[in-house]
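**Q** The transmembrane segment annotation in TrEMBL covers 52-72, 92-117, 138-164, 184-206, 213-233, 281-298, 358-378, 404-422, 448-471, 515-532, 560-585, 606-628 (among others). Here TrEMBL flags 913-1116 as domain 'Peptidase M1 membrane alanine aminopeptidase'. The region 'Disordered' feature in TrEMBL is assigned to 1242-1264.
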Amino acid sequence: MRKLSQTQILFQWNLIWKTCISQVSPKKWQLMFKELFSFELRNGFKKWSTQIYFLVFLTLGVLVGLGTTGAFDTSTSDSILIKNSSLAIARLIVGMSGNIMVLINGIMMISIMATAIQKDYAYNFHGLLYTTPITKSGYFFGRFLANFLLSIYVFSGILIGYFFGTLYGLGTPQLGPVNIINYLWPFLIFTVTNTLIIGSIFFALTTLTRSTLASYLFCVILLLLSILSDNILSDIKNKDLASLLDPFGNFALRQTTEYWTPYEQNENTIPLSGILLWNRLLWLGIAVFCVGITYFKFDFNQFLQPFSLFKKKKTTLVETYTNSEKSLQEILNVQKDFGWIAKLKELFYLSFFEVKRIVYTPFFGIIAFIFGVLMIVISNYMKSMYDAESIPVTFLMAELAEEGLSFFLLLLIVFFAGNIVWRERENKIDELIGVSTVSSFNLMFSKFLGMVWMVILMQIFSNLICIGIQFYKGFYDIEPLTYLKFNLYNLPYYLVLIGFSLFIQLIVNNKYFGFFLGIFPVVFLPMLYNYLEMNGILYSFNSNGPQLPYSALNGFGQVLYSYFIVKSYWILMMLFLLFIALLVFPRGKEKGLSKKYLLAKTSFKLKHKALLFLFLFSTVGLGGYIYYNTHILNKSYTEVEMEKMRVDYEKKYKNLEKIDQPRIVSSDLKIDIFPEKSGWSVVGIYYIKNKHQKPIDSIILKYPNNLDGHYSFKKIQLASPGKDIFNDEKFGLKLVKLNQPLQPGDSIALNFQYTFEPKGFANSETETDVVRNGSFFNSNNLPGLGYSADTELSENSARKKYGLKPKPRLAKVNDAKARMNNYISNDSDWIRFQTQISTDNNQIAIAPGYLQKEWKANGRRYFTYKMDSPILNFYAFLSADYQVKKAKWNNVNIEIYYQKGHEYNLDRMISSIQKSLDYYTKNFGPYQHKQVRIIEFPRYASFAQSFPNTIPYSEEIGFLTKVEPDKPEKIDLPFYVTAHEVAHQWWAHQVIGGNVQGSAMMSETFSQYSALMVMEHEYGAPAMKKFLSYELDKYLQGRTRETKNEMPLMLIENQSYIHYNKGSVVMYALKDYLGEAKLNSILKKYLNQTKFQEPPYTNSVEFVNLLKKETPDSLQYLVKDMFENITLYENYVKNLSYKKVGAKYEVKLTVGSAKYRVDGKGKSKKVPVADYIDIAVLGAKSKQFPEGKELVFQKVKMDKPEKTFTFYVNEEPLQAGIDPYAKLIDRNVDNNVHDFKSKPEKVNLDEDEKSGGAGVKVTVNTGD
């Protein structure tokens, strides 16, 4: 047991004296509670650890507040959200509670609240204290409440700090009026409540077991619940479960506010209702139960043995005697061996002893068990887009295991570092160990090695779990070497963490504070660096350097060398720290830094100086080499520096934007790819033509900027003589004054030749364009013409900081000048294209066009491709060691280039291509090419992209997705993505909009609709409900993150949540109202009017006008609602019932519909409803009818807020409702359909939304 200091003894005796005197008072309990409570509170405030914890949170709060209001010289991004709203503060509070912060908060809370009663046992003071006449309730609740308030005080630091930090932004748009309720209300429902919940459970566990071990285990369970909730939340069906599982209320808050618009986020107070209220009540109930059962079990007389859930068997000690005496001769013959081999054996023996002491503890066993359960659960949520499950290939499982293991190993390392350093002292054998002949080196490094064995055992355990999961899921292509690769790759990270944690525990004189400091650089430093936009691998604790996700095509990629260098640097630094710890390794009763310093000074010999110099010199040397790579060979720029360069570009060259430029009409390239060097070179000729009505005498050439120094430019030169006015390699801009102006209709050649070859390694990012296997880069790396407006600062808040005018995201929809360019390119229209491309001998190089020639020379492989018709100036180059699968559709060749072993979904992709070509050709018009190629590229990006007859496709979103075609409710992701990308051959590569608002609608939204139709014909209409529910959810969530203004669909400004997600819902609903054939005929007519169009390019107004012309008068409102405005609905069931009438069932259904117009900030206004909406009565569910058989399904006109319908059906109804398939945009679709067994919940509408009085009654007989 630990000894009490003199001050602590005096405090405790003072407490005993006062509690004894209180016996004479008639208000015995109140006085006892007051004395115990006030003593505990005063003593807690005097502890330096309490004040340090408070200061840590206070500092963090100030930094976050200053950072969010722009106090630091960091990059600026647009936001229309204020930083002191109720929701912003609630998000800050719950954000400081979840994920890895569980461990930090847990350690603090355990040291304060969990040990409120247990510390009397730790100091062996309980026997004396319990003999005094104190009351059970006064003692129990005095200790509990005092330490609860101390915990509240500590965690209030974040809110106090944030309040003062944000004052910097007063008077700016980032901060609204200071409303104290915005701070106090989230503090009450989250900080106070969470502290009470978690603190009560910690208090109960530690008090019942008289050990903090159970509380640390509960920390892990909290982390588990947080991770589980996060994964469960990925499925929209499980939102309620995820919200209830989370004890911190994070996911309940997210669900409550998930669809709040920016206006609502700024104005609304967090409502304590719905799922958030149930979450708070559930966990408060658990906390009260824990405290209650602890109070019931607690007893001064009988509480001498810790509480256990299991009855222990009584054991009887039997005295045995063994004659172990040795003869004098045997004793004299013992030989002492102090050689290095003996010491090495001793080191390994002690390390095995240490690891056994670790793995045999209940804590380790329970942690391993929890980790195993977590892995099994999370493996069911290995999903990509649209809840599509991933195939459990080995590298994905190994990656999942290492990601999950990192949390648990952090906890194990930090915990056991303290445990094994303090074990001898806590068990009173430290002096015995101190006088042993075992060297301090072996004593310390045996602990280090023991924890290394622990890490390796956990890695093996995780591998076995993952292999078991693979077998369980029917996947038998196991790759043990891949697991080993991941283990070895991640082991250095844990070595550094182990060394640092041991160093901390050996330096500080408080185990719990050592726990906190052990986690501090892993949790708080990254947060601080993130706010300050600092990411240097020389000071980012235990950095791995630039990283790439593992890919089946390219393995760990070209980062292995930099990883080895950076980890060596951190390992050397760790050894340097361990060497210092070795000098102060406790062999006696030395306490305090001053005494440890004297101990180190005394034991600091010449050999120690040599080792210290060696470690220091090696660390500094490697650090210098890293600096040379990251700052000399690779220029490093902060976000602020990049901002300033963009400002300089605009201020220096904005005037060039007015100069008319020729257009690229032909591109003839020679590309050489060097996978081993991650480089490439180009020799090319553009032909540029003056399409204007007047001569051009100045030509602006743009080319890749050379900020990082990786480009070597040999030639960028016009064939026509001229004078270089300037050539700015920093910005990649060159102005040439022609000797003879280029006349209208004339063309000249632009010749260029340059090489890209990275040197060394960068600070954080690494090149992924060209890799050893799986290169993929596009025409953005090639020269162009004219001033680049895309280089300008786009964030208006940043522009204001630098004195620039606001910049719109896109030009207005009818801007005539902007429509002279398409939204893909500002320097070309439709071009002729051909290329020769070379790569390594074992790889296939691919570019758009038809293969003209293939040959090998000088150890390289060459290909020539040529297009037979004009294309957009938008193309890509790929190279890898591919397998090829071929098929045909009519006279169109289909080819898929893929990584060997990724054959899983090739047939689904081919089927999607064939069915897409068939549907699009029949409904929209002919396919313009003779081939379709899909080319796999590494998972450094998760998208597919459509170039002319060529579709690069990430291995992550299609090739490794599990497809279950026999389950139509499961989204066939490869089929959908392929259909979408093939649709772009019509919607982008035939019809391309001008560079104005709304153009993405004609490419992305129409491609979404096209893919939806192919999917519906493949899987049926019922299967589309889940897909559209995801689209609706993503749209509603996307609009909450809007940074400027949400725009109507026809005026979108590259807002993906609108043109993808809302576009799907709108177009599918439009198809339902107009009919598939009618809508397709409109799209076909529009395509025929605008395909392969020259400037001025089409815009969304032209399509909407055509749509209006083709839409019946009764549905004209749809065009306004869906395309011209932002329109939302609240459709709901108010009442429903049925009764049997003869052979039929009479159904009475009252439904309501409210309709809203919403502005760009999200402020809504109710408008009269006069819409045609689906009404349904549904019967029994079956495989054919997964949502229920449609007994009634028809459109009715909702011209009143509420209407009552009477239906007669032949079968017993189970459910009924309005807009059952959520075709209209509704923020709460859960109340659209209701069953007949229970009464629908009341919908909370404003009074003006309830206007309309009684509903209209309609009777319909649907019986035969």
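Every residue, even glycine, has its Cβ placed from backbone N, Cα and C.
Caution: TrEMBL annotation is automatic and unverified by curators.
These numbers come from a predicted model, not from an experiment.
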**Q** Six or more residues beyond either end and a Cβ under 8 Å away: which residues meet both conditions relative to the transmembrane segment (560-585)?
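**A** Distant contacts of the transmembrane segment (560-585): 440-441, 443-445, 448, 489, 492-493, 495-496, 499-500, 502-503, 506-507, 537-538, 542-547, 596-597, 599-600, 603-604, 608, 611-612, 615-616, 618-619, 622-623, 625-626, 629, 761, 766.
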**Q** The transmembrane segment (358-378) vs the transmembrane segment (213-233): three or more C-beta pairs under 8 Å (separation of 6 or more)?
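**A** Between the transmembrane segment (213-233) and the transmembrane segment (358-378), which are separate recorded stretches, there is contact, as judged by 3 or more close Cβ pairs.
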**Q** Do any residues of this chain, six or more beyond the ends of the transmembrane segment (213-233), have a C-beta under 8 angstroms from a C-beta of it, and if so which?
**A** 98-100, 102-103, 106-107, 110, 114, 198, 201-202, 205-206, 239, 241-243, 245-248, 250-251, 254, 362-363, 366-367, 370, 373-374, 377-378, 381, 404, 407-408, 411, 415
**Q** Might you confirm whether the transmembrane segment (515-532) is in contact with the transmembrane segment (404-422), defined here as three or more C-beta pairs under 8 A between residues 6 or more apart in sequence?
**A** yes
**Q** Look over the recorded stretches 52-72, 184-206, 606-628 and say which has the most C-beta pairs under 8 A to the transmembrane segment (515-532).
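**A** Against the transmembrane segment (515-532), the leading stretch is 52-72.
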**Q** Give the nonlocal contacts of the transmembrane segment (606-628) in its own chain as ranges (CB under 8 Å, at least six residues past its ends).
**A** 537-538, 565-566, 568-569, 572-573, 575-576, 579-580, 583, 760
**Q** Which bits of the chain, at least 6 residues beyond where the transmembrane segment (52-72) starts or stops, bring a Cβ under 8 A of a Cβ in it?
**A** 83, 92, 96, 108, 112, 153-169, 172, 174-175, 513, 516, 524, 527-528, 531-533
